[in-house]
Amino acid sequence: MEIRDNNKVNLCFAFDNLRKELSRPYGILFTNNKLFLDFVSKSIQQGFKVITVGDYVSRVLEENGIIPFLEVIDGKTKRSIPQRTIVKNKEYRVTNEAGKIRFEIFEIMENILKDRDGGVVFVNGEEDLLVIPVTLSADNGDIVIYGQPNAGAVVIIVNEMIRWRVRDILEKAVVKEC
């Protein structure tokens, strides 16, 4: 399914001025896969949703028998194209430019996360910054996972404090035409 409303304003949040701030992990950085997988498994057992942003972290979980509630991927890992083996019941397609977040993606992620089925969001462009709208839309206690290049996996446990931090980052972003 393609999610697109051509009547919407073509605006984005741009983060060029925040590259350094966004390059640090904003959650728990796991460098040990066993500890990471144990933590994720326990979160699922407690009834929380697992949401991944990035192809590599999604694939690591899948290869270890953990299927995220929602995966946000662009089909590339460090700009190379890996093979996908897991197919979900619900697939969505969005467009998002590198270093930006389209305004419409906030509403799209909120609607997808309200759905009981989750799925996979294929991003035409780049998914890295979509951690922001996903974190704002996830429920308290859900975990959002993204890769920290050459370091490990970052796990954000969603709560009001982390949402406040995300909103603070958004306030510093520059609004531009996409």
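Cβ coordinates come from backbone N, Cα and C, glycine included.
From a predicted model like this one, the values you see are computed outputs, not experimental measurements.
Annotation source Swiss-Prot lists GTP binding site at D55, V57, D74, K76, E127, citing sequence analysis. In this structure, D74 (GTP binding site) belongs to neither helix nor strand by DSSP; it is coil. The 10 Å shell around the Cβ of D74 (GTP binding site) contains 22 further Cβ atoms across the protein chains shown.
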Excluding its own, the Cβ atoms lying within 10 Å of the Cβ of E127 (GTP binding site) add up to 26
Including all protein chains displayed, how many Cβ atoms other than that of V57 (GTP binding site) lie within 10 Å of its Cβ?
26
Around K76 (GTP binding site), how many other C-beta atoms are within 10 angstroms of its C-beta?
15
